[in-house]
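Undergrad: Please see the structure below; I have some questions.
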Amino acid sequence: MSQNTLFDKVWDLHKVSSLPGGSDQIFIGLHLIHEVTSPQAFGALKDKNLKVKFPSRTVATVDHIVPTDNQSRPFKDNLAEQMIETLENNCLQHKIKFFNIGSGNQGIVHVVAPELGLTQPGMTIACGDSHTSTHGAFGSIAFGIGTSQVRDVLATQTIAMNKLKVRQIWCENNLSNGVYAKDLVLHIINELGVKAGVGFAYEFAGPAIDELSMEERMTICNMSIEGGARCGYINPDEKTFSYIKNRLYAPKHTQWDKALLWWKSLKSDENSIYDDVIKLDASKVEPTVTWGITPGQSLGINQLIPLLDDLPPNDQFIAEEAFEYMGFMPGQSIKDTPVDVCFIGSCTNGRISDLRVAAKILKDKKVSKKVKAFVVPGSEKVATEAKEEGLDKIFKDSGFQWREPGCSMCLAMNSDKLIGNQVSASSSNRNFKGRQGSPSGRTLLMSPAMVAAAAINGKVSDVREFINK
């Protein structure tokens, strides 16, 4: 009887050959590219007079450096204009499908691919971006790769990789009201550590995961990399299939029936052998906020920032660094910390369900006068849906700026940046030093609902106080 995990099955299906040194050559079913990590890769192909091996398996959009305030061409930022123009030319030359600004389907690559039905169970997916693990929510095995590997995939449709170990993270019970997928994944990273996943694929499972919507599952898998894992995935189920059905690039008619039959076979066997199993109680997770300079430095809204002596020895040095940079003290409460900027968006939490949750909190309320707040839809499709539902009006009436799709303040490659020592309440995925554009800017990661609550009060707040009124 088979004892294979979904990861084992997908890996073996895509293994082309075993390579000297112990790595495998893996075929990539879908290659996603954007304007920042692809120019050098295309340049390398040109230098060697090579063509893209399978143009139909590569899909492009623009997201990282695009402005979100004014997307009229040419852009004010010459570098942004140059990078996007380069991608336009490369896609035209190599006959690659490209979703540009104004196409109706442009946006953050990890938002766009699932909503178009490009992301499907059993696939191997690669992209020159750390958060490619997002697509694992569909039962695919998805890796972030560097520019040299982007080149390799363009030229050969394969990459060389060592097979990962598999850790199952079993989430028992369900999340409480006012607690979201973002809280759960921050809690997981805090419990295991930011390096615990090195060499692993994370399989997220259990009642709490089953209960999540597909968009919430994407949030979980998106942040696998923040826990050190190369990828994260969830076994596909009826929610997965319902989400994909009738999307633009989903299989149609008899092809759908064939695909569905295969997808249903793609799950970890009941007696799968894992390299490690971790069990967590999701019902104990609170709304969670980061206090430090890694996503693992987080705590529940009613908890106190840890004392140095309460931390493992290996965590104490980075904690001291975080205290100095963030301006927090051991034993301090994170609740009521004043915030200057509130950001809702990113490939972690820029989907329509994220905007709906935040808008529900903001309806008939006003953003604190002390706060600059803006929302950046994850894609043009998300923006269109939000406008059809009147969400943009709720955001604007509350005092949020409504922006155009892009990565925005998640990594601050465009003009959306913190200034000086500003503190940001952010629904993004990384709180590293200087991540949001200012060398001394400070980032507090939290769910979109928590960002909305912080925007209203001008300080870190428990969103449950709004929900339970």
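Using N, Cα and C of the backbone, Cβ positions are placed for all residues, glycine too.
Feature annotation from Swiss-Prot assigns [4Fe-4S] cluster binding site to Cys347, Cys407, Cys410. For 424-441, the entry in Swiss-Prot reads compositional bias 'Polar residues'. Under the heading region 'Disordered', Swiss-Prot lists 424-443.
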Undergrad: When the compositional bias 'Polar residues' (424-441) is classified with DSSP, how many of its residues are helical, how many are strand and how many are coil?
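TA: Going by DSSP assignments, the compositional bias 'Polar residues' (424-441) contains 0 helix, 3 strand, 15 coil.
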Undergrad: The region 'Disordered' (424-443): which same-chain residues, six or more beyond its ends, come within Cβ distance under 8 Å?
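TA: Contacts with the region 'Disordered' (424-443): 131, 182, 222-223, 226, 290, 292-295, 297, 325-327, 339-350, 354, 409-412, 416-418, 450-451, 454-455, 460.
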Undergrad: Would you count the other C-beta atoms found within 10 angstroms of the C-beta of Cys347 ([4Fe-4S] cluster binding site) for me?
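TA: There are 28 such Cβ atoms around Cys347 ([4Fe-4S] cluster binding site).
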Undergrad: Within 10 angstroms of the C-beta of Cys407 ([4Fe-4S] cluster binding site), what count of other C-beta atoms is obtained when all protein chains are considered?
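TA: There are 31 such Cβ atoms around Cys407 ([4Fe-4S] cluster binding site).
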Undergrad: Helix, strand or coil: which one is Cys407 ([4Fe-4S] cluster binding site) in, per DSSP?
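TA: Note: Cys407 ([4Fe-4S] cluster binding site) is coil by DSSP, not helix or strand.
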Undergrad: Counting only residues 6+ away in sequence within the same chain, which have a CB under 8 Å from the CB of Cys410 ([4Fe-4S] cluster binding site)?
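TA: The list for Cys410 ([4Fe-4S] cluster binding site) reads Phe343, Gly345, Ser346, Cys347, Thr348, Ser426, Ser428, Asn429, Arg430, Arg435, Gln436, given in order along the sequence.
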Undergrad: For the [4Fe-4S] cluster site (Cys347, Cys407, Cys410), what does the 8 A shell look like? I mean other same-chain residues with CB within 8 A of the CB centroid.
TA: Asp63, His64, Ile108, His131, Gly345, Ser346, Thr348, Gly350, Gly378, Gly406, Ser408, Leu411, Ser428, Asn429
